[in-house]
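Feature annotation from TrEMBL assigns active site, nucleophile to 161. Residues annotated as active site, charge relay system in TrEMBL: 335, 365. The domain 'Partial AB-hydrolase lipase' feature in TrEMBL is assigned to 33-84. Per TrEMBL, signal peptide is recorded for 1-24.
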């Protein structure tokens, strides 16, 4: 059984490696900037440099003078675009703008819109030497500092999936930065993930060491970046009437949970043209470790290298009791990536509790981003909670 699973992993990684060798320019998909402008909203593009020299592209929908900033951060294999697919009157980013907030859409290092570094090229393996620990130690602090310096106001933070785990790293390790956050809203937060339901990830997680070794041997450092295969599916499969939408929606459902009722018909070409947006193999391995052990802790380098990195044979857990930011958590039973059990465990660890909300039991992992009725089931609660922290 184990040998068959390892062979399957090798085959899949070789396929991904070969498709990435023929990457050209991105297809004619519109960018997040164009998505914002097409919907009739103002736009600013900002480039934020982290302390370790990664350059992150942020999209700002500026609010009126003295508007409170809201920082939206996506999850793994996602990008800023994923806050925008559903459009006017439904997208969280655009609804926040309608309510007079100053909206900032982040991109994590290594995704489609954040492949820049002051020194390293993306062909350099060193560029990909990061996990979600570095997102929390470098990306999130750099963005919060940049946004608050421009606005001269503290901000709200909304994180989807791994956008919540990177925030938890930041808030536990850098409380001086976290003091600039009024409140945090965690949508399907992947902090603890020991009860994941997604079948493929459940199979692979116990073999994270083998996965790490295979990718190293094959020279793979980036995982699921945009390539001609994904662009072909988005451009030529998803738009096929009925059958294409059926195929592409089921790809999403297989990842995040089946829920056809909350996915807008015809939206899959837009979604699949942005997802997956890519990340590092190391970040994915860190996530597999998280699933396998059910702990929220630093990257496991193995006993010898852990002693060098941490002074202990095991990587230390992040101390969530140090987080002072008020936190609200939103989850659903049909989410195949983040179970209510794990979301509740995260919520129980933080000292400053703002609310725990288990929404419609049919909601999947992605419905928090583009579910048809997310505005009433999720976002309206966020808006009400935000009003408690408005000057």
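Counting begins at 1 with the first residue displayed.
From the backbone N, Cα and C atoms, a Cβ is placed for every residue, glycine too.
Whatever TrEMBL says is automated annotation, not expert-curated.
In the predicted model, residues of the domain 'Partial AB-hydrolase lipase' (33-84) average a pLDDT of 98. Note on residue 365 (active site, charge relay system): other Cβ atoms within 10 Å of its Cβ, all shown chains, come to 27. Under the DSSP three-state reduction, residue 161 (active site, nucleophile) is assigned to coil, being neither helix nor strand.
Break the domain 'Partial AB-hydrolase lipase' (33-84) down by DSSP state and the numbers are 10 helix, 19 strand, 23 coil. Residue 335 (active site, charge relay system) falls within neither a helix nor a strand when secondary structure is assigned with DSSP, and so counts as coil.
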